[in-house]
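Per Swiss-Prot, these features apply:
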ACT_SITE  Asp102  active site, proton donor/acceptor
ACT_SITE  Lys166  active site, schiff-base intermediate with acetaldehyde
ACT_SITE  Lys198  active site, proton donor/acceptor
Amino acid sequence: MTDLKLAAQRALNLMDLTTLNDDDTDQKVVDLCRKAKSPAGLTAAVCIYPRFIPIARKTLREIGAADVRIATVTNFPHGNDDIEIAVAETRAAVAYGADEVDVVFPYRAFMAGNEQVGFDLVKACKEACGDKALLKVIIETGELKEEALIRRASEICIDAGADFIKTSTGKVPVNATPEAARIMMEVIKAKNPKVGFKPAGGVKDAAVAGQYLAMAEEILGKEWVSARTFRFGASSLLASLLATLGHGDKPANTSGY
């Protein structure tokens, strides 16, 4: 298997296959779940809005893909600083059956100088997840922009108990970048290598995915790169990976996540 095909296969098995669109419907989520059981194997998870968790669970079970985890989003996409609402949404997501919750860090409050609300929100949402769901925290690196802010936000999230730190919502102009990824993974290495990393948005093909995988291996080691600690958040990536692996045609360039 070529290096590119190897990267494509690994990326597929590490993917949180995502639909987070305003026009999502039950049928679109059913279709997404069916895609998660691909000709080249299962994706790690699907990532959907909370209201679709029951239909996703039912569909994955029916198609023999119950091992695909269900991730959802809370405090999304704006990262407000109302802890009570973020916790209520997270608790509801877990009650609905989410295996993983991707919560948005209150990055604007943080940029305005309030570190405490971010720490408190992540800590409270982690408590709401208990031992039932992983907590993945989106720090919105494309808005933070500065290395020092990306580094500090990553540190706060890890200190507050995040299971993963994630670059982006996919709802702002700049999503995952290699520069932000390096900073975040360096913080993980320094503070707690059990914490996972998820680049989201902007990972368009096997070559780009391979760059992130190589960087993760360089910083944290080959053994670290598994679905337990590394995911790609993506929607259009899957078709490109399947084409690289010989399943279907390469898609036209698509924008967005």
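Even glycines carry a Cβ here, placed using N, Cα and C.
For Lys198 (active site, proton donor/acceptor), the number of other Cβ atoms no farther than 10 Å from its own Cβ, over all displayed protein chains, is 26. The distance from the Cα of Lys198 (active site, proton donor/acceptor) to the Cα of Asp102 (active site, proton donor/acceptor) comes to 10 Å. Between Lys166 (active site, schiff-base intermediate with acetaldehyde) and Asp102 (active site, proton donor/acceptor), the C-alpha separation comes to 8 Å. Less than 8 angstroms from the CB of Asp102 (active site, proton donor/acceptor) sit Cys47, Ala71, Thr72, Val73, Thr74, Phe76, Lys136, Val137, Ile138, Lys166, Lys198, Gly233, each of them six or more residues away in the same chain. According to its DSSP assignment, Asp102 (active site, proton donor/acceptor) is in a strand. All protein chains included, the residue listed as 'active site, schiff-base intermediate with acetaldehyde' registers 28 other Cβ atoms within 10 Å of its own Cβ.
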